[in-house]
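The disulfide bond annotation in TrEMBL covers 921-931, 925-942, 944-953, 1020-1029. Among the features that TrEMBL reports, domain 'EGF-like' is placed at 917-954, 987-1030. Annotated domain 'G-protein coupled receptors family 1 profile' per TrEMBL: 1269-1527, in sequence order. For 1255-1278, 1290-1315, 1327-1352, 1373-1392, 1428-1454, 1475-1495, 1507-1529, the entry in TrEMBL reads transmembrane segment.
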């Protein structure tokens, strides 16, 4: 079997369902950003080129070159799959039908016949070819190459398309016709019976207003997001193109950029754009001819519409229309008005214009008009008197000028009526050199600028030009366009009172410019300050103090210019180096330039009268003579000329009488003037020429004594300003490059270049399909046309009604990292039934496509569109990564149905959470749909279940979508990620589970199924890069050598470019709580890296030249901190205006030798190796979450990208933590989870956990062992009957048991925390049970232990005070009741704790699981009171007990031993009763740390440093371990019993 491989399977829609749209190719075009303009986005086009004949055109089925013919059954038997067929010359429709046949085993398609075409032929009958020598890899590239080939035929081709849907419009003599752009263009183009229908309803545009956050396109036909205003000149989002500047500065020399041409473009900026100003002439392809009152289609205008030839074509048509006159009359016009210069191959020629021949002709008409319609200068129809044609003075001058009676009402009174026109006498004839067009110039302005075409009623949006009797929109005031004849609109003095926030306020004037005037476009402020607003490329700093004057962008500030006050600026900077001018006196700024092929320390010397040739001259051969500066008169800028010469004689300066350029690193004024009296050791090597000591230009050298001169220095007077960009020259490298070579073994990521198509075209082929693409049909190679949606007809000659939609899709950003892939369906629906009539689908990947504008066409179901229906656009968003889930919808209205093209430009914000169905809905969706709100509105609609449609989901439909896909309509299927095709039956070759082309866990995403079936992209983990994620990303390891480690940092990468503005990429990175270093990964080489946190900047990496492959290790320390400029400059300097203040920015680097960088509100500055302060624009605006703050408890929200956020992070206030700052660490509520949970790493085994985890685990186990020993021995001791005779023994026995239980539960709590955080156990029920029970048990047992100690203290106090009156039996009786009562009361007091506990899974924070408390405000107060009560009350009781016992015993002893000294008695009693004092004292000491922590700190400041709290937490568990030490060993009775127990244990052990 012969298989002909081709990409012709890109053809689709080959079925016979439609007779007017079939056999389509998708032109997929990415219009990349222009490097010379500040455009930050791509524009994505998917334009279907199809056969689009009229329904009346006859379509023949023609056969082409067929290689083989097959049936489905034959293919199946040979094991051919649908994937194999994608490489054949077969359309997608047939391939998908074959796939269905294989899956369903449908025998009725066994004999389905299809053709495998010969090479370069395609189509259902192999009937088509592009007649190229090579296959087309991309149809979009083919379209681009085809249109680029048209450029060579400018002024030679005729592109003639017409708008046919304005019934009854007569544009002029055939083939003149209406272009859709001429509807609502401010002038009447439809004349005759339906006069002015092209301007009908257009008054609605003038009164249309937009929302506050929108920009109103100047013609009023559209509102666009304000972000789209001036976002890139190639992307025109307004129908009239007024969202972008018409002119922009192409370079610093103030050149204006050329017009964007349309002869080579089919993009929206041409095809979907009208003329910018009213009454301009549309050329039919998006280009326009500038309006001026003397322009008309009669005169010769070779530059008018050179891309389409529309003006010249119409001119010929107008002249030919005169043939309606009788031959004799026509000949008179032909000769007298010079038709012979216009019409070639006419009936007559110039030889027929002899006097004798004309005299013999008999024209019976008194007047002849030309042109035959009132279209001269747009309004007039001149009438010529035949009797004057023989008068040489008046033979070319009309007798009357006539106009339509509905126009030009403000001209002088009518004197005559002819053919229904109002006629006025001709303007006076002045001389033969003046044309009629120029004589009618003022009348043309009156017709155009006085009165309105449509009737207006007074409206708040309108301004009335009283003298001109004309209503205009208030937005047309001060817009630089004359709309009113008497200039009322441009001389209006209250433009700042119009309540228009988008106007530009000229500060020294009471004038506010229309937005379209901002920049170089008119109007302008007197001081041209509006130019700077629109010129992002004005880099002030790079142009200072370089001895080049006259930057137009740098206006003076209080007589300060860019070249004044430059004493601190050196002559050799990154912006004077290699600019072909000698700023340094010895030319060191022009040595060793990168683009000069000379040896080191050699000057380039350009050979005179040669374009590119030059010599190289060593610096050591350049000398100069000293000059007399003392006696020279420098007044009136009188220059002193230096004497410089060249000599290669090594002995010429043996007596040191000349100055050698090489020997002087810095050649100063003192050197040149030979002034040795002054110290010339200058700190700054300034520009000498600023002191009027100049080189005598030109400096020419005869290097080889052969008469060939070369210039080493250019003429000073012809220095043109250069367009400077931020340069990193002389920055050096920090940290040192250590492993660049080790990484070069990795291959570079190569992109296979596309082979350019060789398009053989000519004028005939271009003109045949107008703005379409020629394709050949059949063996006879008959020409056919593939038309884009904006054209139709067998030759793409008709302009379509349509909606041209520009869509930018932006995610709002989520607190969790979300890899989002969406299918976005764009439907054209009728508002009455919500039936889908046309649709487009966009596959959107937020991490890739956020900075993309999508341009798509939607066509109406009928041509012309049915005026009885109103339409709107519904956009449905579906998540596609895991499953096909509905996410949300947006609705766009279509205003102004009378417009032929509805241009809609908008932005869709995908919310962080998907839409939820409404429970209460004003519309009934029945049982087969759900009610939703549209995104950002309260408008409701029904989302229908599969199989149902309509406004109320009551219309059923059948579909043929594959299993696993979702039917959205009878013919619209939502395909899973791995499938494509109109019915989702085709499988992508790549990205299958068994054929994943992405390595290293990269996510494989297929795309562009209509343009290339094998295309896919890999979304790589951050540490891998490459088209298949095959390479490791470059890594930057950053160690923090500072006291406070932040939780979040911003990394600002600065990328320098030599031909455009520097680029900045910002990302953020969270720092785990247990780490003191982080790794950043990058794929794009950069020059500088700044790390920002807590409003401080640190210069972290410095690369003079970016290095493509490199691993870097660096530190964050105070030495590389960037300081605020306010630290170095005094208030006087800081208060200077910008231009002067910047002159002092050299001081910080010069005077602070350790300083690395500094910043102000606008600039970031780096000190280079020569201590030059190199500054660049740096926006300090924080990357906030733009109103979508997910952070709780006043946490600060940050996004990883201000425009295209994929995730956000929270920086928490003191005492709060968690991914959303949802947890707190306040006071006694602090648990082990809060203190230590973050130090346990999830999904890591215990052996690999941190030292802190292992140490605390060891301490906990030791505590458990000690607790068991302590508790068992204490229990055995206090079980003695004699000790249990009093309540104290019972308390201590109970506490001995409680101590074992407390430490056991504490150990369980600790290891539960370890296991849960390590994710060893993930059972939610078990974790929840442990959360509720463990912590509250610890609280109860600790408090119970404290109260038992307090009971012991109280009983001892009573015993000491009552003495012999103390009743042991009663105390024992009381103890048996007190113990359970205290336990019950404590449990009741803490009952709120388990009720308020719950489990929270923080998936954004390493998938951690937390046991948290959530208290209401009142409950928080109660909890704090209870905790303090159970802590302080036993604490106070112990203190009072110790004091009372000591005082009571002391008083008794004093009474019995009155003669003894007080001190001696006190000391003796303390020694005898120390067991009564030791235990409360130690308990008090152990409680003090907890007390101090709770009252002083209030909360744990940082989860990173929990050690103080951790120590306090562990101290709280020490008292249960000290019963032996606190109560047994100090007491003789308890100690004796304890020793006997030990002896018994020893006895039994033996």
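Just so it is clear, glycine is given a Cβ too, placed from its N, Cα and C backbone atoms.
Those TrEMBL annotations? Automatic predictions, nothing curated.
The sparsest Cβ neighbourhood within 10 Å, among the listed disulfide-bonded residues (925, 931), is found at 931. With helix defined as DSSP H, G or I and strand as E or B, the domain 'EGF-like' (987-1030) counts 0 helix, 13 strand, 31 coil.
Considering other CB atoms within 10 Å as the measure, the emptiest surroundings among the disulfide-bonded residues 921, 944, 953 are those of 921. Tertiary proximity for the transmembrane segment (1327-1352) is limited to same-chain residues at least six positions away from its ends with a CB under 8 Å from its CB atoms, namely 1231, 1287-1288, 1291-1292, 1294-1295, 1298-1299, 1301-1302, 1305-1306, 1308-1309, 1312, 1316, 1321, 1375, 1378-1379, 1382-1383, 1386-1387, 1390, 1393-1394, 1397-1399, 1409, 1411, 1430-1431, 1433-1435, 1437-1438, 1441, 1479-1480, 1483, 1516-1517, 1519-1520, 1527. Comparing the Cα of residue 1029 (disulfide bond) with the Cα of every entry in 931, 942, 944, 953, these being the disulfide-bonded residues, the smallest distance points to 944. Calculated from their C-alpha atoms, the gap between residue 944 (disulfide bond) and residue 925 (disulfide bond) amounts to 8 Å. Residue 942 (disulfide bond): 23 other CB atoms within 10 A of its CB, across all protein chains.
The average pLDDT for the domain 'G-protein coupled receptors family 1 profile' (1269-1527) in the predicted structure is 78. Shown for the domain 'EGF-like' (917-954): DSSP residue counts in helix, strand and coil, namely 0 helix, 12 strand, 26 coil. Put simply, residue 925 (disulfide bond) is 6 Å from residue 953 (disulfide bond) when counted between their Cα atoms.
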